[in-house]
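Participant: What TrEMBL records for A:5-173 is domain 'FeoB-type G'. Marked as transmembrane segment by TrEMBL: A:227-248, A:283-307, A:327-349, A:361-389, A:401-425, A:460-479, A:554-574, A:594-620.
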């Protein structure tokens, strides 16, 4: 008879190497989803033990205790206690400890023991501990704790063999009767007593390092230096931007031409008509225009995961905490906002590292104001068409200056909005404490990084295949129906629903200097900002779309006034022109309300900015 | 504990300069104007290893207002704002 699936749960403090152990156990057989009703990432993986037992393992969010002070930690507590809705009670809990740093985990384990769940203590990173001269009396530790203890080196091949063998051994004799759960929230006195007990056990079983990690101290002397540290951070950011914008470019162009070629094949093989138009313009160019961002997403996550694995992320938060605090942001908001320069979607997803709900919400709300890469095609087009490429003050290129100004306007407005949110909406709110472990530096392991990047890329593609696909179908429909009457000479789009909507919107947009063609282009621009460029091309009945960007530029220069162009730039700094970002905000906040709030505030800002820009420009004679 | 520690005056860790070393005497959450309740702050500090008798050393300071600080607590490093570190009484 086949044994039922064995359910394991990984519990541990942050930085205990839980995730690398999870990756080592399951490889790429992972499923990432959300726990129902909350935005906590649920990571489950599968593997088979040496004796052939099928195992499911869940990587629970890192926690220092079972008190559950954030949604993540509540999940961990409820899961272990078997109270999480729709979840199986774990048959066996693996408590993962960084062998070089046992204090906090042993205390957590003593607390976990009270739940009565069968448990194994996994001393991970045992190789590093040995190298540092830490020796652990594993047998004695197991006896003192009353829990089996096993060592592992997650990042080495075969480093989890002992753990797998022990899992087989224990699962063979698991009691069917659930043990009694004696857990309740610890009082401060009990917490202190537990830490004392943990310290006693450690001093009995572990000989502490004769030499501390001098590498970490040496690196930190530079990296955490008040001034030097900020310079290092700026250098890292520079390389990261360079990578995202320059290194990704060839790959993106390759993908783009691949999709164009595919579209051409469809165009050539299918007869002229609706099916051809749907496949070429709706599916291939629509979904393709989003998938071209895959290289950027991969590169940005590669950097983030590398820096995180290395142990640098906590340091970046440390350096930026007070600087961002001036605008009412938490130090940990730094990385998500940084990622938003590539794309707000990974940025908003990365806000999960912020444990305070309100700090996280503020960060999510302002992330779309960071100038994402999808705005670049729009900015480039308008700037090259309207801003003369002359030097100002002898050495600064005016076009470059305008581009820089657009970035600066995004950042400044994000900081101002954050400040206003704290000031008006979350007024009763005092700053959340910044308390963070700065882990010792570790060499990032390629396999673990590769699995992490792969999982993120898969999620992105899945989204492109579902949400964005359906959005594209809708937009194609609006732009294609109703069909023009026979013999019509105007572009087909003139007769479509999109044009009807565009013309209906025109009176609203006239005060900011937009004509109906712009209004129409803004609609497909909702699916992805840069699509507006192609849409303007279509609307002005130019052949070639994106490839002919320079040509569109020439046409725009004759059809638009400078005031309209500037107004359009101002609009794009703020406008909530990205349905995918809004969808991610809805998912991550679990609320349509916050999505609507983001949409509304950005729309108001965009309108106001365009209104002011247009009227000032007209008054100065640029109308 | 050495003699120098016995004769040193108690002070909150939140006022300590870079390079300061000492031993935690007790926690006093009500002395810190943290956003957290006293019990919550004390619990979190204990969970990060700030317990009586632990050796602490202030390793690094931030640029603005010398805040936050990176503190070595026995053999781990914790970043904490001075506001919360006021609750940790050292000598």
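Using N, Cα and C of the backbone, Cβ positions are placed for all residues, glycine too.
Walk me through where these features lie, including what they touch and how far apart they are.
Facilitator: Averaged across the domain 'FeoB-type G' (A:5-173), pLDDT for the predicted model comes to 87.
Away from its own ends, the transmembrane segment (A:227-248) comes close to residues 295-296, 299-300, 303, 307, 312, 315-316, 319-320, 338, 341-342, 373 of its chain (Cβ-Cβ under 8 Å, at least six residues beyond either end).
Tertiary proximity for the transmembrane segment (A:327-349) is limited to same-chain residues at least six positions away from its ends with a CB under 8 Å from its CB atoms, namely 237, 240-241, 244, 293, 296-297, 299-301, 304, 313, 316-318, 320-321, 355-356, 359, 362-364, 366-368, 370-374, 414-416, 418-419, 421-423, 431-432, 434, 436, 456, 460, 463, 578, 580-581, 584-585, 588.
Beyond the transmembrane segment (A:361-389), the same-chain residues lying 6 or more positions past its ends with a Cβ under 8 Å from any Cβ of the stretch are 244-245, 293, 296, 328-330, 333, 336-337, 340-344, 347-348, 351, 354, 397-399, 402-403, 406-407, 410-411, 413-415, 417-418, 421-422, 426, 528-530, 532-533, 546, 549-550, 552-554, 556-557, 560, 562, 565-566, 568-569, 572-574, 576, 578, 581, 585, 588-589, 594, 597-598, 601-602.
Within its own chain, the transmembrane segment (A:401-425) has Cβ neighbours under 8 Å at 327-329, 337, 362-363, 365-367, 369-371, 375, 379, 383, 387, 392, 569, 572-574, 601, 605, counting only residues six or more beyond its boundaries.
Long-range contacts of the transmembrane segment (A:554-574) within the same chain: residues 369, 371, 375, 378-379, 381-383, 385-386, 402, 406, 409-410, 413, 512-515, 517-518, 529, 536, 540, 542, 602, 605-607, 609-614, 617-618, 622-623, each at least 6 residues beyond the stretch ends and with a Cβ under 8 Å from a Cβ of the stretch.
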Participant: Report, as numbers and ranges, which residues of the same chain sit near the transmembrane segment (A:283-307): CB under 8 Å and 6 or more residues beyond its ends.
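Facilitator: Here the qualifying positions are 236, 240, 243-244, 247-248, 251-252, 255-256, 259-260, 262-263, 266, 313, 316, 335, 339, 342-343, 345-346, 350, 373-374, 444, 449, 452-453, 456-457, 460-461, 464-465, 468-469, 471-473, 475-476, 527-528, 530-531, 534, 545, 580.
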Participant: What else in the chain is close to the transmembrane segment (A:594-620), if you only count residues 6 or more beyond its ends and a Cβ gap under 8 Å?
Facilitator: 361, 364-365, 368-369, 413, 417, 511-514, 562-564, 566-576, 582-583, 585-586
